[in-house]
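All remarks here apply to the structure that follows.
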Amino acid sequence: MKPTILLYDSGMGGLTIYDAIRQTLPNAHYLYCFDNAYFPYSERSENVLIEQAVKIVQKIAEKYPLDMVVVACNTASTVVLPALREKFAFPIVGTVPAIKPAAAISQTKTIGLLATKGTVERPYVAELIEKYAKDCIVEKIGTTTLVELVEEKIRTGNVDQDRLSKVVAEWQTHPTLDTVILGCTHFPLVKQELQQLLPKVKFFIDPGNGIANRVATLLSEFSLENSAQNKENIAFCTKMDEEFSKREIIMQQWGFKRLELLNLSQK
């Protein structure tokens with residue numbers, strides 16, 4: 001079995017989800033698209049997110065028969081899943097903040113949701129909290145800065161500690177916060193730095209393993225008509241810029257053969 005799985009995000013944060021899935025399904029055929037023309041998604045309207053999602057999946061599906069799409073972005077997942085599921089027959093898996101496991105594991109029943117502004121403000125997230133964390137205090141930080149800091153770390157290997165510290169400053173003196181939900185696929189890439197800044201927090205929860213298990217379960221239930229043999233893992237971006245060659249090297253380090261421009265304006 002070698003299913004073709006497309007993952008997409010506005011940046012490279014979705015690679016944390018890809019990595020978790022790859023560990024569960026090492027032999028799958030992977031395609032990854034980062035929509036850098038519209039990065040960061042947290043600053044975009046819901047209509048734009050839906051439009052981009054459909055365009056990206058449609059364009060790649062024309063060239064590569066897909067078995068599954070993983071929306072490897074929390075912000076997009078709170079908006080685009082119904083539209084994608086309506087349009088495409090293959091399974092669509094989203095990424096949502098891990099509120100249920102966080103509520104279960106927290107000993108003080110005080111949880112921090114660290115996500116983008118878009119995710120923090122969505123009614124969908126309020127519903128998840130109401131459903132799974134009714135007995136918890138949920139503190140929220142909505143940040144675009146942290147997404148930018150992670151992209152910078154991916155490109156340069158460095159993190160601006162001062163800017164990072166400012167993002168979570170209000171939690172550094174919180175007396176009872178013991179669990180933090182990494183509610184954006186970028187954030188596990190600075191988990192170590194966050195642990196240093198928030199030493200009282202016992203649990204940092206990200207959705208990677210849960211999504212990997214979900215993907216494996218769904219694929220076992222579907223007949224894979226499009227199973228790929230000996231196909232190369234390829235990455236796509238939606239805008240050519242001065243970072244292209246640097247990004248291609250990064251994607252090759254993550255196991256992708258090459259980086260291609262996905263031209264969404266061409267019919």
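Even glycines carry a Cβ here, placed using N, Cα and C.
According to Swiss-Prot, the protein carries these features:
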- Cys73: active site, proton donor/acceptor (ACT_SITE)
- Cys184: active site, proton donor/acceptor (ACT_SITE)
- Asp9, Ser10, Tyr41, Ser42, Asn74, Thr75, Thr185, His186: substrate binding site (BINDING)
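Positions of Swiss-Prot features highlighted on the structure.
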| residue | record | Cβ within 10 Å |
| --- | --- | --- |
| Asp9 | substrate binding site | 31 |
| Ser10 | substrate binding site | 30 |
| Tyr41 | substrate binding site | 28 |
| Ser42 | substrate binding site | 23 |
| Cys73 | active site, proton donor/acceptor | 33 |
| Asn74 | substrate binding site | 32 |
| Thr75 | substrate binding site | 30 |
| Cys184 | active site, proton donor/acceptor | 33 |
| Thr185 | substrate binding site | 33 |
| His186 | substrate binding site | 27 |
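Asn74 (substrate binding site) falls within a helical segment according to DSSP. Among the residues the record lists as binding substrate, namely Asp9, Ser10, Tyr41, Ser42, Asn74, Thr75, Thr185, His186, the two farthest apart have Cα atoms separated by 12 Å. For the pair formed by Cys184 (active site, proton donor/acceptor) and Asn74 (substrate binding site), distance between Cα atoms is given as 5 Å, rounded to the nearest Å. A distance of 7 Å separates the Cα atom of Ser10 (substrate binding site) from that of Cys73 (active site, proton donor/acceptor).
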